[in-house]
Amino acid sequence: MNSAGAPRAQTSRTRFRTSSTHTWVIWVLSGLMIFALSALGAVFRFGDTNAAAWWPAAGASAWFVLATARKRRAAAVVLVAAAITLGTLVGIDQLNLALTIGITDAIEVLSFLLLLEGRQHTFVLRTVRDATRLIVAAIAASAVTGLFLGLLISTITGETFLALAVHTAASHASAIVLIAPFAALPPPMKEAPRVAEIAFQSVLLIVAIVTIFGAAGYVPLAFVPLTLLGWAAFRFPVYIALIQSIATGTAALLFTLAGLGPYAATTLTLDTQVTILSSFLLALAMATVLLVTAQNEVNISSRAATESAKILSSGFIDSQVGLILTDHDDDDTWTIRWANRTAREFIATEVSADGRWQGQLATEARAALELDGAVSHCVLGSGATVNVVANHVGNSEKRVAVQIVDVTASVLGAEKRLEAEREHARALATRLELERQRDDFIATTSHELRTPIMSIAGYAELLEESSLLRAPESGWLRAIARNADRLTALVESLLTLGRASAAPELHSPPDLLPACALVEDVVSMHCPLADIKNVTLSIEVEEGAEDCVVYGVAHDVNRAIANLVSNAVKFTPADGTVRVITGTADAETTITVTDTGPGISEDAMAHIFERFYRAPDAERSSTPGTGLGLSITAELARRNGGTVTVDSVPGAGVTATLRFPAAARHR
């Protein structure tokens, strides 16, 4: 805990909020300090009077309670009353009077705090308004104390009531004003310490105090210390100015008590000396506090102005946009009045020594001005692309503000994006052309293959009816017929896929088709294969879907359902099950085919709708197929306004769902 003159107190009411051990030590030291200052109060009395020219115990008490947290202030006030009572008892040896002074001083501190803080949680001495509040609170609380103690002491000793009241009030007020602020100092400004200046000023102050107040005679220079203290208030940290004021007042008091200085003239009565000295100390206290807060307020404003200037600087001077203020002279030349760093880099080669601006950018700025603030776009010799905007400043016809914005990066980015889009368009066109050529090739080849394949199949059928064939020859003929059928199925698939891709408009008009009937036809066609593989093929109809319909082309819908059922039967092992379920959902008819086959792996699921794709499991198991079934199904569903989805869990079968509109849609 620092004493009343400690220079390290920088913030209000924060130093006592430490650990309980530290708080206990601080309170003990504070109590001892207040006790000692009360006991020394007798030293500051003049002659046989009971009036002290200065009562530092009042200031120390106010400082201590102000620096204490609110929840502990009651205990702090009790400590103040006890310490002042015991200290005063040392000087006057009258218990009743000492106890009265102790209680009165404690009440004075409470009154001071109530007037000072009001409803504020924390009082900080930042501005002149704060200083005025502190001074008024100190004078008001001290005046009440002065009146009460003046009445009490004058009644006991017979001294003049008014003189005692005035001297007591002044001595208390000056002490509170000088010492209490140490508990309410604002955070220090971050400035380099002026050690040499402080040392030089302190030496001058000491010399002035000794010369003026230590002289045996009257030296009419009592204002000099105030001038030096003003220097400290405006140049040094707040606490240094306060310490110097306390030291000046204490030295003046001690010199005067010793019979030296301007206030110890033999022609003055003791009451007059006390009055003059008390007034000097109070004036010194008020002047110091007002000056230091005024300077602090100036510093705060200066800091705010500096920050604003930095913001403006970063916004204009350091802006990436070139900013220029120029005057349009009578001879149609432009003279640069101000330009930020970015602008100076742009126009470095266009500005003459006398500030005349001529060149490409100047021409663009004139063009922009004539276009009434429109943007002028140009490419500089360096390759940079800039936008130039020019406007008249206010109502002035001669003062022009010019903005130069470097848009090179934006332009290059736009050009790269445009080139990428062009490249993408070329790649897409090439891909579409390749796909068209492929589809044309498939369609043409399929048509060309259909006739010879039909001839092979027909002659094979005729040969099968011949009675001249032997057993090996019959086997060969069956192999020819079987492979001819496979080729026929492949050609039909290719032709169907080609028509679905190249002709989005339906060749036959769509109609409302009974879904259950379509499913029954498809299942009946696949029952023989299912029986051969010992696979159970069943039909199910959801509740309410008995009469549901599909809006589409009969051939397309039938082929799409058949592809799903065929795949399910082919990939389902013996003793497995294939279910075909008809249902409705959201104005659509659904046909779902589920099987208990091996399922499809996650990697293969990403490719199942690609043409000619066959899953690795199908290749390994030699399951017959072309890899076109699902792609054909997807195309047929799409051109009839439907969709197909496939879900699978490896090892748990596949679920494929066709969705077709249940009524005509706007196409």
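Any Cβ shown, glycine's included, is placed from N, Cα and C.
What TrEMBL annotates here:
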DOMAIN    444-664  domain 'Histidine kinase'
TRANSMEM  24-46  transmembrane segment
TRANSMEM  52-69  transmembrane segment
TRANSMEM  74-92  transmembrane segment
TRANSMEM  98-116  transmembrane segment
TRANSMEM  136-156  transmembrane segment
TRANSMEM  162-186  transmembrane segment
TRANSMEM  198-219  transmembrane segment
TRANSMEM  239-262  transmembrane segment
TRANSMEM  274-294  transmembrane segment
Top stretch among 52-69, 74-92, 162-186, 239-262, 274-294 for CB pairs under 8 A with the transmembrane segment (198-219)?
-> 239-262
So what pLDDT does the domain 'Histidine kinase' (444-664) average out to?
-> 79
Taking a Cβ cut-off under 8 Å, which residues six or more beyond the ends of the transmembrane segment (98-116) line up next to it in the same chain?
-> 57-58, 61-62, 65-66, 73, 77-78, 80-86, 88-89, 92, 123, 133-134, 136-138, 140-142, 144-145, 148-149, 152, 172, 176, 180
State the non-local partners of the transmembrane segment (136-156) in its own chain: residues 6+ outside its ends, Cβ under 8 Å from one of its Cβ atoms.
-> 50, 58, 62, 97, 100-101, 104-105, 107-109, 111-112, 115-116, 162-170, 172-173, 176-177, 180
